[in-house]
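Q: First the structure, which I've put down as structure tokens, then a few questions once you've had a look.
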2 protein chains.
Amino acid sequence: MKFTLTQNDSKSKARAGLVETDHGTIETPIFMPVGTAGTVKAVHQRELDTDIQAQIILGNTYHLYLRPGLEILEKAGGLHKFNGWEKPILTDSGGYQVFSLAGTRKIKEDGVMFKSHIDGSKHHFTPENVMDIQRSIGADIIMAFDECTPYPCEFSYARNSMEMTHRWLKRCIDRFDSTEGKYGYSQTLFPIVQGSVYPDLRKQSAEFIASCDREGNAIGGLSVGEPAEMMYEMTEQVADILPSDKPRYLMGVGTPANILECIALGVDMFDCVMPTRNARNGMLFTSEGIINIRNEKWKDDFSPIDPAIAGYVSTFYSRAYVRHLTISKEILAAQIASVHNLSFYLWLVKEARKHIIAGDFSVWKDQMVKKVSTRL
Amino acid sequence: MKFTLTQNDSKSKARAGLVETDHGTIETPIFMPVGTAGTVKAVHQRELDTDIQAQIILGNTYHLYLRPGLEILEKAGGLHKFNGWEKPILTDSGGYQVFSLAGTRKIKEDGVMFKSHIDGSKHHFTPENVMDIQRSIGADIIMAFDECTPYPCEFSYARNSMEMTHRWLKRCIDRFDSTEGKYGYSQTLFPIVQGSVYPDLRKQSAEFIASCDREGNAIGGLSVGEPAEMMYEMTEQVADILPSDKPRYLMGVGTPANILECIALGVDMFDCVMPTRNARNGMLFTSEGIINIRNEKWKDDFSPIDPAIAGYVSTFYSRAYVRHLTISKEILAAQIASVHNLSFYLWLVKEARKHIIAGDFSVWKDQMVKKVSTRL
């Protein structure tokens, strides 16, 4: 993987760059649609490529490990071949999902025992086997196995957890560096900064992660319920420590405004289920603000969802039609809203990149944050 | 509307033709995807057009009348404008749905009182207002208000019902012929033959329908549970009576084999929820036979769904991937299966048309009926 810094914004810490992988180049800042079980929910691969213009998508280790399972994925030749997505893929480590299974998992120094949410079967994730699993899935970017602390979180828990995450990282690196990709292309490992909302822990973690000198770095444990200001503060502090010649990935963030603010703090990569999950609940993100498509006010609004967004669905379908589909619980409602919201997220980061390169990012960002936060 | 008979098959009653409407020309024999509530479930309008290559779709009067309702549809300028489908649309009369609401509807000579399945509100369908409603929806082809008898059905009930359907038809015709389309293009009314599975009633009904001299004719009340042989027998008898210079539409039929057999009996138009409904349950129709995609045997079959079908999804996605999505209850499973099954149905009638024109329909049909009925 190669990262090239194309442009630094003069009035903020925003930057434009290029991440080159064996499956193609990613223009940063970038938003990565979440494809939990090998599918971005309700979206065809062709739509991801040509309408949404996604450059990289996420897969989820926990889900893919359980179903279809590694045997099938290996026989297929990896996730790219299995689902037909030929551009880059990033997999999370599965830690986030496993730790969410409160009551059915046990964390020890060695790793985590957990029960499948599908059939109750018992499984064990360790830093080592999570590297092996992600090798088998065949992601271009592999995430370290970490513990994502909840919010709020006691200082002592956060410190102990962070220290374990650091010890696990060493084991991840040892395993990753002593193994090879299975499908002939290269994979890279991103470590993850933790430390909850405690500045001294975040500093300690960011310095440790930076010292590991991997090809890219991630910021985890944020956007888990803390106030947005606290999330920005932690992000800024960490981003300032992480090396500027490597991409910075802020995990699980966020709203359109969150993404713009964090681009301004020097973040390059984002992922979030919000555009697809909220789509399935009738929330449309547009360049003028947020639409709750269930509202009566849209019932005879025959204007397109968002004429500013180039993708097919955003200009083809009217708000009135999408409202009708949503009220009628039609599958097409979820399809349209998902493709539209992702098209909007990708449009947003592409516009941000343009403005960074044009040199007027900060002015544009402040206007845009207001717009995208408005309820229409 | 204009119907041109292009070719009669020499060894069967199959024929190829053209139906010209103000929204474009339909090549017959044709299959019409069902878009109950103004959407073919799980299918984008663009996919209907370019992948499935649908030439006409159905809308459902009962559903559209209740939601979004006529006020919205009229404001939109009709269903074509509302959902963005610019090719022909046929609407059923709503009778079939209303009569299915056993216990919540009352049939009288004047019309049918029924309660909405959505909110329990009371409504009244009459031959007259069903014409007005279909005028407002703006379908190119409008269906008469009839009673679709269940199977089995006592002779006396079938006779009385058929006679009422005939009286209702006169009222439909009076209303239709004394009103005009609302959106500047012409609409046409198809009457419907009833008579359950009784040859003398079918004969009587077909002769009456033929005598009404409309631009096309439909055969209703079949494929409601009777044996296939009985359905073929009734279809043949009725098709022989209905004029050959007008399209014949067999309502609600059917399996791929049913469609091929009924093309051989002189039917030109078909609709059925089977390709989309069964898609949502994991059944894939292919040119080699029927696939239950949930079966273990497909878990590592990385071949495409059906390489013979040109549409995007049929060649792009593998059987193993679609199985994974289906088992995982992913929305994309329904999307892929729906687009594929409809692509297959449209491919099948297009192939039938080619073979009618080439003069080898009967031989091809017998081979194809065997293939498409095989369980893979």
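Every residue gets a Cβ built from N, Cα and C, even glycine.
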Q: Going by the substrate site in TrEMBL, where A:D92, A:S93, A:G94, A:G95, A:Y96, A:Q194, A:G221 are listed, which of the candidates A:D22, A:D146, A:D268 is also part of it?
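A: Record check against TrEMBL: substrate site with A:D92, A:S93, A:G94, A:G95, A:Y96, A:Q194, A:G221, extra candidate from A:D22, A:D146, A:D268 is A:D146.
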Q: Can you check which of A:35-41, A:210-216, A:252-258 TrEMBL lists as region 'RNA binding'?
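A: Per TrEMBL, the stretch marked region 'RNA binding' is A:252-258.
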Q: Can you identify, from A:176-180, A:276-280, A:371-375, the stretch that TrEMBL calls region 'RNA binding'?
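A: Of the candidate stretches, TrEMBL labels A:276-280 as region 'RNA binding'.
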Q: For the C-alpha pair, I'd like the distance in angstrom between A:D146 (substrate binding site) and A:D92 (active site, proton acceptor), rounded off.
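A: Between the alpha carbons of A:D146 (substrate binding site) and A:D92 (active site, proton acceptor) there are 10 Å.
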Q: Going by DSSP, is A:S93 (substrate binding site) part of a helix, a strand, or coil?
A: coil
Q: Of A:G94, A:G95, A:G221, which of the binding-site residues has the most Cβ neighbours inside 10 Å?
A: A:G221
Q: Compute the mean position of the Cβ atoms of A:D92, A:S93, A:G94, A:G95, A:Y96, A:D146, A:Q194, A:G221, which form the recorded substrate site, and then list in sequence order the other residues of that chain whose Cβ is within 8 Å of it.
A: A:F99, A:M143, A:A144, A:F145, A:E147, A:C148, A:I192, A:G220, A:M251
Q: Only counting partners 6 or more residues apart, tell me which same-chain residues put their Cβ under 8 Å from the Cβ of A:S93 (substrate binding site).
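A: Listed in sequence order: A:T61, A:V130, A:Q134, A:I142, A:M143, A:A144, A:F145, A:D146, A:I192.
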Q: Which residue, out of the recorded positions A:D92, A:D146, A:D271, shows the minimum number of other Cβ atoms inside 10 Å of its Cβ in this structure?
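A: Counting other Cβ atoms within 10 Å of each of the recorded positions A:D92, A:D146, A:D271, the minimum falls on A:D271.
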Q: With Cβ-Cβ distances below 8 Å as the criterion, list the same-chain residues six or more beyond the ends of the region 'RNA binding' (A:252-258) that contact it, or say none.
A: 96, 220, 222-224, 228, 231, 267, 270-272, 274, 285, 344-345, 348, 368-369, 372-373
Q: Mind checking which of A:Y96, A:Q194 has the fewest other CB atoms within 10 A of its CB? They're the binding-site residues.
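A: Output over binding-site residues A:Y96, A:Q194: least Cβ neighbours within 10 Å is A:Y96.
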